[in-house]
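Heads up: the structure comes next, in structure tokens.
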Amino acid sequence: MVKRGKKTKYLFVTGGVVSSLGKGLSAASIGALLENRGLEVQHLKLDPYINVDPGTMSPFQHGEVFVTDDGAETDLDLGHYERFTSAKMTRRNNYTTGRIYQNVIQRERRGEYLGKTVQVIPHITDEIKAVIREAAGGADILIVEVGGTVGDIESLPFLEAIRQMKYDVGEENAVYAHLTLVPFIAAAGELKTKPTQHSVKELREIGIQPDLLLCRSDREIPRDMKDKIALFCNVDPSAVFTALDVPSIYEVPLSLHREGLDDKLAELFNIWSRAPRLERWETIVDKVKNPRRGEVRIGIVGKYVELHESYKSLNEALVHGGIANDARVKLAFIDSTKLEEGDLSDLDKVDAILVPGGFGIRGTEGKILGVKYAREHKVPFFGICLGLQMAVIEMARNVLGLAGANSLEFDEQTPHPVVTLMEGQKGVTDKGGTMRLGAYPCALKEGTKARALYGADLVHERHRHRFEFNNDYRAQFEAAGMVFSGVNPDLGLVEMIELPGQHFVGCQFHPEFRSKPFAPHPLFAGFVKAALEHRDAQQRQPSAEVKKLPVGKNG
């Protein structure tokens, strides 16, 4: 094999049969394997929907919006890419059909096409190829994930563009990986390959012959069945891999490595690389599977609890907090709208309470009840973005005695707008891409819990909001005991709050976007630690039943 040069090689990941097979995790895991072989890896996600970005889409439809340092609102798969590799995502790492068409139409309006009829081929496909090359950024390998399912009409321009790329860059500089489903039919008692055969047939009709197949299955696919898939799909038998269901997503790179996927990619790319070093991944998986400090229950009080993908980065950041404390974090999703009905029993069953970000008035009173419960019962509390604002409103009403206190987002007539619209947001009418987005500095106050957790005076965190704490009320809150432990040094905006005497922390930013399994975010590590301490303290206390036992003669 030749030693790798500076020319970028491209791996295109497509999916077939059904959606939600795990293309993003597969792409991220491949990135982790290649990076651990000493290669520089970058990622690109191509989404076929017409929205310019996912920023205005419902979490129920799209899942989480992942925010990058440069303020891009992107697909949640970019979170997987950042968590699994050292690559830093920016707005150039996620393109949608809407954004591609927007670029082309703007060029047409500027007259850059010199009077030509602008068409899908070549103009749209050329634009797609241009953003693919731009995303590479000089990396050894660019992994391009094409969203959607092969056969969807929306994906066709992207598939045509990646078909052309192999001819543009050369055979050994472009590899096609196709993720399919090999289901086990319980009634027949066997795995079925027909869905995979049909999916590959559809891909080949478009003009793309996959170089390797990742076959998602809940069990190992035997060698003879892999040979059958290879025969009918015109793929080398050594290029058919089981993408096995595993208990933890952090086991996926190890599972694919055991299948020999990274060796095959090195062969297909004809690229030199060292032997993979996966000890860190093995350690992480061991900590996830065999925590020495047992299990801790974290209650997430939100309104998107039916779809856990809505809080993807948050969920993983809590897992990372568990890794940092050698504990397993069990998430209990608590519907805030149900709390409004008066049943708070779910809050009794958790060791800590977290109120995440969100938008809109629905469920906010339930979140405020969750905050009140945590404050009054000394249960560790962590409020993120809207969660901080809920904590402020709860304290204003129940400690400061400011009746009717609220956020201007929910009540424009509130007598006490303790949460107000940011100055820079006044007059903004467009919804897409207009919030306070991206990384901003936060100066931490000496002697606070926030300063102790971070171990730094100044940090940078990612934001996604329009509303902020109203500094007109700051003196009243400080007099009541609230500590403003983090402030934006440029604008004086409140970034962090806390209450002394308990683990009660709120932040206006989204720390979950910066957490990784190998580098758990300090706020999540500290939160899980506090939850463990609360759990242990509760277990040491005698139960109510024991307290009621009659005292004996020797008592």
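Heads up, the Cβ atoms here are built off N, Cα and C, so glycines get one too.
Here is what Swiss-Prot records for this protein:
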REGION    1-271  region 'Amidoligase domain'
BINDING   S19, D152, I153, E154, K192, T193, K194, P195, T196, Q197, K228  CTP binding site
BINDING   S19, K192, T193, K194, P195, T196, Q197, K228  UTP binding site
BINDING   S20, L21, G22, K23, G24, L25, D77  ATP binding site
BINDING   D77, E145  Mg(2+) binding site
DOMAIN    297-537  domain 'Glutamine amidotransferase type-1'
BINDING   G358, L386, G387, L388, Q389, E409, R466  L-glutamine binding site
ACT_SITE  H510  active site
ACT_SITE  E512  active site
REGION    536-555  region 'Disordered'
Secondary structure of K23 (ATP binding site) (DSSP, helix/strand/coil): helix
For the ATP site built from S20, L21, G22, K23, G24, L25, D77, further residues of that chain with CB within 8 A of the site's CB center: G15, S26, A27, H80, E145, L179
Nearest recorded site to K192 (CTP binding site) by CA-CA distance, among recorded positions L25, D77, E512: L25
Rounded distance in angstrom between the Cα atoms of T196 (CTP binding site) and L21 (ATP binding site): 13
Shortest C-alpha distance to D77 (ATP binding site) - which of the recorded positions S19, E145, E512: E145
Model confidence over the region 'Amidoligase domain' (1-271) (mean pLDDT, whole number): 94
Densest Cβ neighbourhood among L21, L25, I153, L386, L388 (binding-site residues), 10 Å radius: L388
Alpha-carbon spacing, G24 (ATP binding site) to I153 (CTP binding site), which is rounded to whole Å: 20
Neighbours of E145 (Mg(2+) binding site) among the binding-site residues T193, K194, L386, E409 (Cα to Cα, within 10 Å): none
Winner by Cβ contact number (other Cβ atoms within 10 Å) across the binding-site residues K23, K228, R466: K23
Among I153, K194, P195, L388, E409, which are recorded as binding-site residues, the nearest neighbour of S20 (ATP binding site) by Cα: P195
Under 8 Å by Cβ from T193 (UTP binding site), same chain, sequence gap 6 or more: V182, M225, K228, I229, F232
T193 (UTP binding site) in three-state DSSP notation: coil
